[in-house]
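Visitor: The structure is given below, and queries will be raised subsequently.
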Amino acid sequence: MIVGVLALQGGVEEHLTALEALGATTRKVRVPKDLDGLEGIVIPGGESTVLDKLARTFDVVEPLANLIRDGLPVFATCAGLIYLAKHLDNPARGQQTLAVVDVVVRRNAFGAQRESFDTTVDVSFDGATFPGVQASFIRAPIVTAFGPTVEAIAALNGGEVVGVRQGNIIALSFHPEETGDYRIHQAWLDLVRKHAELAI
């Protein structure tokens, strides 16, 4: 089983470290041919506007969006959540997204870099609960609205939705890969394996 990490910018190495620690075979994805044969892909955090521009530069937008629409499992963190969203509350000028997850997302919902913080978050999906996931929020977004096919899987004490699931897509506002808490990576890899088995 090969899983990719979209390696255009951001926290690429941290996700590769997490996935490889869990026994996954990984591949960096920069151009369309890198998508061939993948059974899942991670879209890391970083800067969502830069991610958008580089994805267009490397012509990876349409092939990636098509694979996701066809059911490719995705794990996205922070800017990755923004990049998947159908709508943004506060897009940068000219900013585009893959528009594959039926959510409205607010960028930088907690303020600038100096307002970044670490906390713990309970995450629940597929009948499993992962209590106290160690989470870094770095210029993090929140989900302000979501459609009927989307499930909220994580929220802060104030009610802010910081994790969603839509089908084979898990998207978080925060960075578990930065903290060494790989439980959500493992749960996503389990989802990838189930999807691969169903495809046989």
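Using N, Cα and C of the backbone, Cβ positions are placed for all residues, glycine too.
Copied straight from Swiss-Prot:
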type	residues	note
BINDING	Gly46, Glu47, Ser48, Arg107, Ile138, Arg139	L-glutamine binding site
ACT_SITE	Cys78	active site, nucleophile
ACT_SITE	His175	active site, charge relay system
ACT_SITE	Glu177	active site, charge relay system
Visitor: With every protein chain in view, how many other Cβ atoms are within 10 Å of the Cβ of Cys78 (active site, nucleophile)?
Guide: 30
Visitor: Sorry to bug you, but what's the C-alpha spacing from Ile138 (L-glutamine binding site) to Glu177 (active site, charge relay system), rounded to the closest Å?
Guide: 12
Visitor: Would you measure the largest Cα separation among Gly46, Glu47, Ser48, Arg107, Ile138, Arg139 for the L-glutamine site and round it to whole Å?
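Guide: Binding-site diameter by Cα atoms for L-glutamine: 12 Å.
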Visitor: Select one residue from Arg107, Arg139, His175: among these recorded positions, choose the one with the most other Cβ atoms within 10 Å of its Cβ.
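Guide: Max Cβ neighbours within 10 Å, all protein chains included: His175.
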Visitor: Do you know which of the recorded positions Glu47, Glu177 has the most other C-beta atoms within 10 angstroms of its C-beta?
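Guide: Answer by Cβ density within 10 Å: Glu177.
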Visitor: Sequence gap of 6 or more, Cβ distance under 8 Å: name the residues on the same chain that satisfy this around Gly46 (L-glutamine binding site), in order along the sequence.
Guide: Gln9, Gly10, Gly11, Cys78, Ala79
Visitor: Under 8 Å Cβ to Cβ from Ser48 (L-glutamine binding site), same chain, six or more residues apart: give me those in sequence order, or none if nothing qualifies.
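Guide: For Ser48 (L-glutamine binding site), the qualifying residues are Ala79, Ile82, Tyr83, Ala92, Gln95, Thr97, Arg107.
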Visitor: Could you state the whole-number distance in Å separating the C-alpha atoms of His175 (active site, charge relay system) and Ile138 (L-glutamine binding site)?
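Guide: About 8 Å separate the Cα atoms of these two residues.
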Visitor: Would you count the other C-beta atoms found within 10 angstroms of the C-beta of Ile138 (L-glutamine binding site) for me?
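Guide: Here the count is 20.
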